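What Swiss-Prot says about this one:
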type: BINDING; residues: 26-33, 143-146, Val172, 180-183; note: ATP binding site
type: ACT_SITE; residues: His33; note: active site, proton donor
type: BINDING; residues: Gln57, Gln149; note: (R)-pantoate binding site
type: BINDING; residues: Gln57; note: beta-alanine binding site
Amino acid sequence: MDVITDISPLRTRLVGESSIAFVPTMGGLHEGHLSLIRAARQHRECVIASIFVNRLQFAPTEDFDRYPRTLEQDCALLEEQGVHIVFAPEEKTLYPVPQEFMVEPSPIANMLEGKYRPGFFRGVATVVLKLFNIVQPQTAVFGKKDYQQLHIVRELARQFNLPIEIVAGETVRASDNLALSSRNRYLREEERAEAIRLYQVLSQVKREIEGGNRNFAGLEENAMKILATHGWNTDYVSIRERDTLAPAQPRDGNMVVLGAARLGETRLIDNLEITPKKE
């Protein structure tokens, strides 16, 4: 496995590669990331993973300085999974000058995560486009856990006419169904035991809708009340149409319920896809 930190040697290494699958990460890898690597291996011959903590997608009050940086450990995990190349640039490599040209996503970036993390998706879209231009993969794999991000990356590829297939990887969960996240390591022991409640309330919403309940506002409100009762500071629980992420309507078919809430100092997100029974 090659670990490359600069753009020019990466491009030299990629000469002649015509079947590339790319998995961008910020490091702090766990089984969720590794499942994306395995998906990438099923699609293309050469698998590239990037490790880069992107300052542009962090607000000044967020955890950029605290975010896990475990490059040596991450590279060992990636090598075990059969990754061919790790691209691990320094910040000055991707941003040699202040990034004045930014990718401004569609209005969907201003709702849900975008509402509570202003500028987040602008930073994500900008770095993803830069990485796509550097790596030039035929396939890129993103996880469904970051559901809104996946939607925006798909729109990015479509609207910029990028010849890249965007593959969605399923959310990987711990044995108690907590969605795996690099930020889970921030949780204290008692918080880790409580953290599964986010999945539980989303599951309850899913069951209600699949059982015929169409009082979406009531379901969202009840879910947030349950979380608040147990000490969570909830940003949103929201039922959306799956393909557009517009607020769900009673006649919609495929839906998704998304939630984001803070437990202590740790902000967690999760989502569950919903397929109502046909009447």
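Backbone N, Cα and C define each Cβ position, glycine as well.
Quantities reported herein were computed from a predicted structural model and do not represent experimental measurements.
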Task: Of His33, Lys144 (the recorded positions), the residue whose Cβ has the fewest other Cβ atoms within 10 Å - done: Lys144
Task: Around the Cβ of Gln149 ((R)-pantoate binding site), the count of other Cβ atoms that are within 10 Å - done: 21
- [ ] Check the binding-site residues Gln57, Ser182 for other C-beta atoms within 10 angstroms of each C-beta and report the one with the most.
- [x] Gln57
Task: Among Met26, Leu29, Val172, which are binding-site residues, the residue with the most C-beta atoms within 10 angstroms of its C-beta - done: Leu29
- [ ] Write out the long-range same-chain contacts of Gly32 (ATP binding site), meaning residues 6 or more apart in sequence whose Cβ is under 8 Å from its Cβ.
- [x] Gly143, Lys145, Gly169, Thr171, Val172, Ala179, Leu180, Ser181
Open item on the list: On a C-alpha basis, identify the one among Met26, Leu29, His33 that is nearest to Gln57 ((R)-pantoate binding site); the candidates are the recorded positions.
Closed with: Met26
